[in-house]
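According to Swiss-Prot, the protein has these features:
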- ARG48, ARG54: NADP(+) binding site (BINDING)
- ARG131, SER132, SER133, ASN243, ALA244, GLY288, LYS303, PRO304, THR305, SER306, SER307, ARG329: FMN binding site (BINDING)
Amino acid sequence: MSHNTFGHLFRVTTWGESHGPALGCVVDGCPPGLRFKLEDLQVWLDKRKPGQSRFVTQRREDDLVKVLSGVMLDADGETMTSTGTPISMLIENTDQRSKDYGEIARQYRPGHADFTYDLKYGIRDYRGGGRSSARETAARVAAGGIARLVVPGVTVRGALVQIGKHKIDRRNWDWDQVGQNPFFSPDAAIVPVWEEYLDGIRKAGSSIGAVVEVVAEGVPAGLGAPIYAKLDQDIASLLMSINAVKGVEIGNGFAAAETSGEDNADEMRMGNDGTPIFLSNNAGGILGGISTGQPVVARFAVKPTSSILTERQSIDADGKNVDVRTKGRHDPCVGIRAVPIGEAMVACAIADHYLRDRGQTGRLK
């Protein structure tokens, strides 16, 4: 299987499977001299790890990251400094239950990659989906922790803005609320609504989709390039690579189809300090594939988890019709834990474009 690497200068390769002994990543192209502690990476993995509420999978993984290479340890025994060589990181799997998947070893679960993997490779890891499992994204989040260190002054934050048909009230948006509830919601008022709604979904053994929004602030103007190296193009590509993501929009996104040119185009004026300012941000901080200096805004839609208790019609590897009922521990709404994953992907895209811009123009933005 190829295509396990993304990025041009900031390059990330992930490896490992859901029920293997471990998974991890190699970050190549990280500049030397970046100083950080293990906790600077672990904080993001803790945000993604399973078992933190009744609304996510009850698989228990500590997701403790180990840095194996690419750094030198300071005298304090905690602070690491990147050397410019590949940074390899490892996360052990400790709570696999492969026996839960024995009955589907030859059955194709509806909505999963079982059929397409078998069709393409002639073999698949049925234990939790193997490489196609969202478990792989733990390695991406670790890489995103490194990416956040690359571009000075950039803050990447994500939030859940919709579960099923229940959307947040954007007038209530408060970033301080995101870490105060199990949904990463910026709207405190929607939390009890989501709790009641997801409890019903969970008890029924079903699942539901969601929408995640990621905002990157402090992104320097000038990142990205036309025509085939657009910043929004690469952000969309990386977000689409996340398991269960079926749609991505930048800025106004699909709402632009309902908007007039007068309302959609972001007007400009000169600020009091003599620098240009935008009067709106419908473009999501990117014009012509190049960052404007405004916040970069991306949203992505996550489909309902395909692993549900409801019996579904399918076929098996022998070409027989079967009824499939998925066992194991699964997220009733995978969109919740997709928030830190989306953050990591956007951070990696921005870090890559920052290094590419620096290499092409020589500017330290």
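Every residue, even glycine, has its Cβ placed from backbone N, Cα and C.
Keep in mind that this is a model prediction, so the values were computed, not measured.
Known features from Swiss-Prot, placed on the structure.
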| residue | record | DSSP (3 states) |
| --- | --- | --- |
| ARG48 | NADP(+) binding site | helix |
| ARG54 | NADP(+) binding site | coil |
| ARG131 | FMN binding site | helix |
| ALA244 | FMN binding site | coil |
| LYS303 | FMN binding site | coil |
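Here ARG48 (NADP(+) binding site) is positioned 14 angstrom away from SER133 (FMN binding site), judged by their C-alpha atoms. Shown are the binding-site residues SER133, THR305, SER307; of these, the residue with the fewest other Cβ atoms within 10 Å is SER133. The Cβ of ARG48 (NADP(+) binding site) lies under 8 Å from the Cβ of ASP63, THR137, ALA138, VAL141, ARG337, PRO340, ILE341, each of which sits 6+ residues away along the same chain. Shown are the binding-site residues ARG54, ARG131, LYS303; of these, the residue with the fewest other Cβ atoms within 10 Å is ARG54.
Packing around ALA244 (FMN binding site) is summarised by its Cβ count: 20 other Cβ atoms lie within 10 angstroms of its Cβ, all protein chains included.
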